[in-house]
Amino acid sequence: MKNYYLVDEKRKTPVSTWEKISQALRRSVKLELFVGLFVMMRELLKRNNSATIKYPFEKVKLDNRYRAVHRLMRFIESENERCIGCGLCEKICISNCIRMETSLDENGRKKVGNYSINLGRCIYCGFCAEVCPELAIVHGIEYENAAEQRSYFGYKQDFLTPIDKLKNQVEFEGAGSLRKDANLWVKKTPNYYDVMQERVLENQNTKEQGENK
């Protein structure tokens, strides 16, 4: 028979019911509990210190790169559609929810006739916007798209920017497009430093030539 040794001989195992209740109270009710209650009551009684908003009367301002319902962009100058019908978004879609039908127009150029996205199946991963070479498809910030049916399709006319609202189209809005401060987040490469060094040398040579004159 094996010999068992108590790790903490000073700790007594409760036997009676009162000893068990007393041990449970000592372990559950401690000073940290009242500290947490004090912090909660302090934040609760503060005015204008709410961490939530009164939705739907108030809405959170989302970042431009938030991935919500898709948008198809136009060129502001010519008002033409940016989509060239390459089909990369349809091929890269991991949810298999994008369908595109293309044809050739009278000039022999590819034209997108039908474009649909199953919004109920889409997981809004953003791959379609990232792979688009023309920045034709981006993600907007319209997130209120609840529907009664699981299969909810959006079509080309639903995503494409109307011509009468083209002036309000923001170039850098939506995931897949470059941010306004994108240059600040680009990691400098050795080639960048070489170019900067060449510019410094050119400026020095220009100054020396000006002084010699």
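Just so you know, glycine gets a Cβ as well, placed from its N, Cα and C.
If you look up Swiss-Prot, you'll see 74-103 marked as domain '4Fe-4S ferredoxin-type 1'. Long-range neighbours of the domain '4Fe-4S ferredoxin-type 1' (74-103) within the same chain, counting only residues 6 or more positions beyond its ends whose Cβ lies under 8 Å from a Cβ of the stretch, are 110-119, 121-123, 125, 127-129, 131-137, 160-161, 163, 166-167, 169, 171.
Under DSSP, C132 ([4Fe-4S] cluster 1 binding site) is assigned to coil, being neither helix nor strand in the three-state scheme. Residues annotated as [4Fe-4S] cluster 1 binding site in Swiss-Prot: C83, C86, C89, C132.
Cβ contacts within 10 Å of C93 ([4Fe-4S] cluster 2 binding site), excluding its own Cβ and spanning all protein chains shown: 20. In the three-state DSSP scheme, C93 ([4Fe-4S] cluster 2 binding site) falls into the coil class. The [4Fe-4S] cluster 2 binding site annotation in Swiss-Prot covers C93, C122, C125, C128 and is backed by sequence analysis.
For 113-142, the entry in Swiss-Prot reads domain '4Fe-4S ferredoxin-type 2'.
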Query = Is C83 ([4Fe-4S] cluster 1 binding site) helix, strand or coil when read with DSSP?
reply = coil
Message = Quiz question: given the binding-site residues C86, C89, which has the greatest number of C-beta atoms lying within 10 angstroms of its own C-beta?
response = C89
Note = Min neighbour Cβ count (10 Å) across binding-site residues C83, C122, C125, C128, C132 flags C125
Ask   = Expressed to the nearest Å, what is the distance separating C132 ([4Fe-4S] cluster 1 binding site) and C93 ([4Fe-4S] cluster 2 binding site) at their Cα atoms?
value = 12
Message = If you compare CA-to-CA distances from C89 ([4Fe-4S] cluster 1 binding site) to each of the binding-site residues C122, C125, C128, which comes out shortest?
response = C128
